[in-house]
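Let me begin by presenting the structure, written as structure tokens, before commenting on it.
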Amino acid sequence: IYNSVSCRLASQIPDVCRTEDCCLGIDEAGRGPVLGPMVYGICFCPVSKKQELKDSKVADSKTLTEAERENLFEKLDEAKSYVGWALQILSPNTISTSMLQRTKYNLNALSHDTAIGLVQYALDNGVQLKEVFVDTVGPADKYEDKLSKLFPGIEVTVRPKADSLFPIVSAASICAKVARDRVVKGWNFSEDLGGVDTDYGSGYPNDPKTKAWLLKYLDPVFGYPQFVRFSWSTAQTLMDSKGVTVHWDDDDEDGEKAAQRKNNKSMLSYFSASAGSNDQNPTHQTHRFFTDRRLKSLDTL
């Protein structure tokens, strides 16, 4: 399976989460990198189990080593009698096409909609949500107000650095980061790149290893493989400087005008023989494709 599309992964919903009041945390991993997906994660458990979750030593995933994150994710998965999780993996392709579509859809809007979709997923599956904690994207008060209006009856708390303040957000952070690390490490390239060098560093634009990888795998005509977020300025700058120059004709400039400007013949000129010209003295050599089929260019109907 290739990684060009987005997908959702989720645990089983613990029975206790359908009968007891629950808290839910939301966090993401991979917002900034130019390589790989962005992953949104939710984690939820009964409010009565908050202390048990805290005792498991969950912490902001950025403060943990990869081995520590993997170990804590396994612990969360083993606590499936009262902990549930869900992940939305947004492919680089989804992110870039969203950001570059004609109607602007920026990363904040995409993040908000993904988070909202995951909360709705939990509700649709019977989780009795009473509290939601979110690591902010954009102004915290506006985001909190937006979520509170969408989910009346649920106490919503949006804070900067929520992943270091609330254990349930730390748990969501760990789920999201572990998933992104695994996807990046096991990325299945749909393009035929031969033996791909997987030493691409952190994936962040200022990482020298990432920059070197971007230079190595830039095709001057076709750009980047779908592992790269081509809407990122880092990728766009390299494509502009190293790629083949392409001129996109304006919508109000037809093919004839564009050809004249570039001092080329337009393809349409084939059909624009002047009235009265005859086949005995053609203005151009007719291709065999037309003569074999006895096709002629008409100037009148």
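Heads up, the Cβ atoms here are built off N, Cα and C, so glycines get one too.
Note that the structure is predicted; figures quoted are calculated from it, not measured.
Listed in TrEMBL for this protein:
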- D27, E28, D135: divalent metal cation binding site (BINDING)
- 21-244: domain 'RNase H type-2' (DOMAIN)
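Looking only at the domain 'RNase H type-2' (21-244), the predicted model's pLDDT averages out at 92.
Residues near E28 (divalent metal cation binding site) in space but far in sequence (CB under 8 A, at least 6 apart, same chain), listed by position: M38, V39, Y40, G41, S111, T114, D135, V137, A176. Close to the recorded divalent metal cation site, the chain also has I26, A29, Y40, G41, V134, V137, A162, D163, V169, A172, S173, A176: residues not among D27, E28, D135 whose Cβ is within 8 Å of the site's Cβ mean position. Highest local Cβ density among the binding-site residues D27, D135 belongs to D27, counted as other Cβ atoms within 10 Å over all protein chains shown.
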